[in-house]
Amino acid sequence: MASQFMKNLKEEVTCPVCLNLMVKPVSADCGHTFCQGCITLYFESIKCDKKVFICPVCRISYQFSNLRPNRNVANIVERLKMFKPSPEEEQKVFNCARHGKKLQLFCRKDMMAICWLCERSQEHRGHKTALIEEVAQEYKEQLQVVLQRLMADKKKFENWKDDLQKDRTYWENQIQKDVQNVRSEFKRMRDIMDSEEKKELQKLRQEKEDILNNLAESESEHAQQSKLLEDFISDVEHQLQCSDIEILQVRLQDVPGSESQKAWKPLPFLSAAVVFLVMTVSSS
């Protein structure tokens, strides 16, 4: 509160020409007060009638010689100088490189800060100017609009980030579920395949056992039939060594359908002629 009061009071005793605390303040007939040096330099720069002067604030004409010292303002300025401003309140002062005066105006055409002497020079005469504070305030308002837009964009980006994080979490969980489902499905299929494999292997083992048993029986029968065949061959060879009378006598003694003939079975790989011959000899 006190800081705002001091600021307002300082504005009341600030020269409208140099925008600094007034030095040797003088007041015109219109009531506006200026630094004696600033208003004198301004009066000389505009090269007007030496008797008539136009106030740079309200543009009212008055006699330059009617300027009078303002002791009240001077006393206030002296008291303000006793108060040391805080670092936050202190601002760096920028002066005109050409005239050494404070840069308190802004030329809108040339887009540059100027002093009040620059405004009256040939370079900037007739250009639209405004106080730096006013232009700065305009820029601050524009920057505020930009800042609001940027903050809105920032909010959108934060929401976007949240959405991305939600999507990441969703897809991580979804893919994890899919991985579990795939593993479960393939395990089920492997269990089925393992069961089928066991069944098929059991069938093959049983088939092998049956085949081997059949082969064993065939081998046993083969051995028996081979023995009988060898016996028949031996008998035939023996009969061939006998005389005709003995051969006929042996034949008469053999009765068809004897046990030896019933026991012998022709093997499937013997030709029909051999089987016929063996049977004939056996029955002779």
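Each position is counted from 1, following the chain as shown.
Cβ coordinates are placed from backbone N, Cα and C, and glycine is handled just like the others.
Small disclaimer: the values here were computed from a predicted structure and weren't measured.
Pulled from Swiss-Prot, these are the features on record:
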BINDING   CYS96, HIS99, CYS118, HIS124  Zn(2+) binding site
COILED    130-234  coiled coil
ZN_FING   15-59  zinc finger
ZN_FING   91-132  zinc finger
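Here the features listed in Swiss-Prot are placed on the structure.
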residue	record	contacts (Cβ under 8 Å, 6+ apart)
CYS96	Zn(2+) binding site	LYS102, LEU103, ILE114, CYS115, LEU117, CYS118
HIS99	Zn(2+) binding site	CYS115, LEU117, CYS118
HIS124	Zn(2+) binding site	CYS107, LYS109, ASP110, ILE114, CYS118
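Other residues of the same chain near the Zn(2+) site, with their Cβ within 8 Å of the Cβ centroid of CYS96, HIS99, CYS118, HIS124, are ARG98, LYS101, LEU103, ILE114, CYS115, TRP116, LEU117, GLU119, SER121, GLU123.
Secondary structure at CYS118 (Zn(2+) binding site), as computed by DSSP, is helix.
Residue counts for the zinc finger (91-132) by DSSP state, with H, G and I taken as helix and E and B as strand, are 5 helix, 11 strand, 26 coil.
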